[in-house]
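Contents: one structure, followed by commentary.
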Amino acid sequence: MELRLSSGNILDEKVHKVGIIALGSFLENHGAVLPIDTDIKIASYIALKAAILTGAKFLGVVIPSTEYEYVKHGIHNKPEDIYYYLRFLINEGKKIGVEKFLIVNCHGGNILIEKFLKDLEYEFGVKVEMINIAFTHAATEEVSVGYVIGIAKADEKSLKEHNNFEKYPEVGMVGLKEARENNKAIDEEAKAVEKFGVRLDKNLGEKILNDAIEKVVDKVKEMIR
């Protein structure tokens, strides 16, 4: 069967060789305002939108996620579990003509899998790249992006509740003592959240989201040059 590769609103016929994968986390507390699967929903939104704008294939989501041992705000897997899931997606992607894989990651802990990307390239003879788009956990940026895509319950009462760091220690990781002690960047972000709190800024959310989508689109363009 000869496929009409030039049909539709696509950048170039070569874009059919690019597959976009969303990576995040399904089981993490995000305060009172955001759902436990915030990271994967944001990653999926960005990845799918970029696929629509470019014509690249959206290959779906990775279900496992991982995290640094000292960050305790959810239920996670080993980095190897993500690696094995990616092996499955890449193997199936190759069957439909994908030669270049772009992972859109919106969960900081998943950075731990970067060490496996070269192994995947070598095993399957493909290109594998990852874009990391991360925010201070459940803080202003993530709440604002979540609101824009429709997953945040950001009324005044919920936001006030969200800023109760004793009840929701994961917000900004303010109350995650072990994480703050082991990671200077986390501690600095937590201090900022303690000082300024968490607020909703729709304009900020739109800008962050649009910039993230543009970043993925630009990477797809680079991959088909």
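Cβ coordinates are placed from backbone N, Cα and C, and glycine is handled just like the others.
Note that the structure is predicted; figures quoted are calculated from it, not measured.
Within His107, His137, His162, the residue that Swiss-Prot lists together with Glu28, Asp39 for binding Fe cation 1 is His107.
Under the DSSP three-state reduction, His30 (Fe cation 2 binding site) is assigned to coil, being neither helix nor strand. Counting other Cβ atoms within 10 Å of each Cβ, the lowest count among the binding-site residues Glu28, Asp39 belongs to Glu28. A simple way to gauge crowding: the CB of His30 (Fe cation 2 binding site) has 26 other CB atoms within 10 angstroms, across all the protein chains here. Under 8 Å, Cβ to Cβ, and six or more positions away along its own chain, His107 (Fe cation 1 binding site) finds Leu23, Gly24, Ser25, Glu28, Asp39, Ile40, Ala43, Ser65, Glu67, Ala134. Same-chain neighbours of the Fe cation 1 site beyond Glu28, Asp39, His107, judged by a C-beta within 8 angstroms of the site's C-beta center, are, in sequence order, Gly24, Ser25, Phe26, Asp37, Thr38, Ile40, Ser65, Gly74, Cys106, Gly108, Gly109, Asn110.
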